[in-house]
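Going by Swiss-Prot, these are the annotated features:
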- 29-46: transmembrane segment (TRANSMEM)
- H118: chlorophyll a ChlzD1 binding site (BINDING)
- 118-133: transmembrane segment (TRANSMEM)
- Y126: pheophytin a binding site (BINDING)
- 142-156: transmembrane segment (TRANSMEM)
- Y161: site 'Tyrosine radical intermediate' (SITE)
- D170, E189, H332, E333, D342, A344: [CaMn4O5] cluster binding site (BINDING)
- H190: site 'Stabilizes free radical intermediate' (SITE)
- 197-218: transmembrane segment (TRANSMEM)
- H198: chlorophyll a PD1 binding site (BINDING)
- H215, S264, F265: quinone binding site (BINDING)
- H215, H272: Fe cation binding site (BINDING)
- 274-288: transmembrane segment (TRANSMEM)
Amino acid sequence: MTTTLQQRSGASSWQAFCEWVTSTNNRLYVGWFGVLMIPTLLAATICFVIAFVAAPPVDIDGIREPVAGSLIYGNNIISGAVVPSSNAIGLHFYPIWEAASLDEWLYNGGPFQLVVFHFLIGIYAYMGREWELSYRLGMRPWICVAYSAPVAAASAVFLVYPFGQGSFSDAMPLGISGTFNYMLVFQAEHNILMHPFHMLGVAGVFGGSLFSAMHGSLVTSSLVRETTETESQNYGYKFGQEEETYNIVAAHGYFGRLIFQYASFNNSRSLHFFLAAWPVVGIWFTALGVSTMAFNLNGFNFNQSILDGQGRVLNTWADVLNRAGLGMEVMHERNAHNFPLDLAAAESTPVALQVPAIG
């Protein structure tokens, strides 16, 4: 009898935990994806803060030239970063127990892998948690679909690009200046500005900003007045009210006359779908572009493509961009013995003039 009661008590405790995890009445929804998200994002955040403040220099290139990224080694908020793991580690999984000592783990940039892997698992779980909450509330699943765009971008720079280049040392550093350095090196090595997927991403981000500003200003300019001249118009809205808070007909008429009739949406649902889809698709293409350039399927090359009647080169902006890329490539290679191959002007000298006969 005692054993039976203990089993029922244990079962009821587990059932209570399951109901709490999946309850939509909590102030913050947890969900089963949240059970995975919370510890992974906490681990990533704690390790990032400690490494950003106090991590020792990391031998990022694997040539015994450590790069300092933490605050206590002289960096500030702008220049500081969690430096990627060493090129000597390559793509190997490098947890703490794989190193001979904690000092070795820190010297080879182990904290970077710890932060990135926990962060990626955390944002994947956050996306799943968005779907889970939508499912529990009977909503459609497009919120997690929209969130998949930044998730794809983070996966591209932290996971796919290192896989394509053969080392986690090529991943994006976790810092402001490190991000800029990553962008400059990416342009130098892959000519990303001439890649059509990057162009689509720029159109998505800037176009989304433009459309968001246009939509917000149109709505704000066509609010239905419910207050006096001396009160804020925001007091004219009550949460959950059934009436429209702005006059979509007036906004449609204004914008249709400002541009042309068919440039304005007359359907609020299709309008908001467009506002969501435009930047999401653009960022998807950017992530896809970074993922293809990870395997050296680079941007277009129009260098020295225009010649005059005598065969002399007429420089274009493509040539200016190429010269800038060469300069960035030189600055990127800190060690002289690893001179970039695409800058070598002379023919390589063979080690052996002829293959020796065997036997």
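Cβ atoms here come from the backbone N, Cα and C positions, even for glycine.
For the transmembrane segment (197-218), the partner stretch with the highest count of Cβ pairs under 8 angstroms, out of 29-46, 118-133, 142-156, 274-288, is 274-288. The CA atom of D170 ([CaMn4O5] cluster binding site) is located 13 Å away from the CA atom of H190 (site 'Stabilizes free radical intermediate'). The residues near the quinone site, meaning same-chain residues not in H215, S264, F265 whose C-beta sits within 8 angstroms of the mean position of the site's C-beta atoms, are M214, L218, A251, H252, F255, A263, L271, in sequence order. H272 (Fe cation binding site) sits 24 Å from the residue listed as 'chlorophyll a PD1 binding site', taking the CA atoms of both as reference points.
With Y161 (site 'Tyrosine radical intermediate') as the anchor, the candidate binding-site residues are H118, Y126, H198, S264, F265, and the one with the nearest CA is H198. Of all the recorded positions listed here (Y161, F265), the one with the fewest other CB atoms within 10 A of its own CB is F265. Between the CA atoms of E189 ([CaMn4O5] cluster binding site) and H118 (chlorophyll a ChlzD1 binding site) there is a gap of 29 Å, rounded to the nearest whole number. Residue pairs drawn from H215, S264, F265, the listed quinone binders, are separated by up to 11 Å at the Cα level. Annotation for the binding-site residues Y126, D170, H198, H272: lowest Cβ count within 10 Å of the residue's own Cβ, H272. A distance of 12 Å separates the Cα atom of the residue listed as 'pheophytin a binding site' from that of H118 (chlorophyll a ChlzD1 binding site).
The CA atom of S264 (quinone binding site) is located 28 Å away from the CA atom of H198 (chlorophyll a PD1 binding site). In this structure the alpha carbons, written CA, of F265 (quinone binding site) and H118 (chlorophyll a ChlzD1 binding site) are 42 Å apart.
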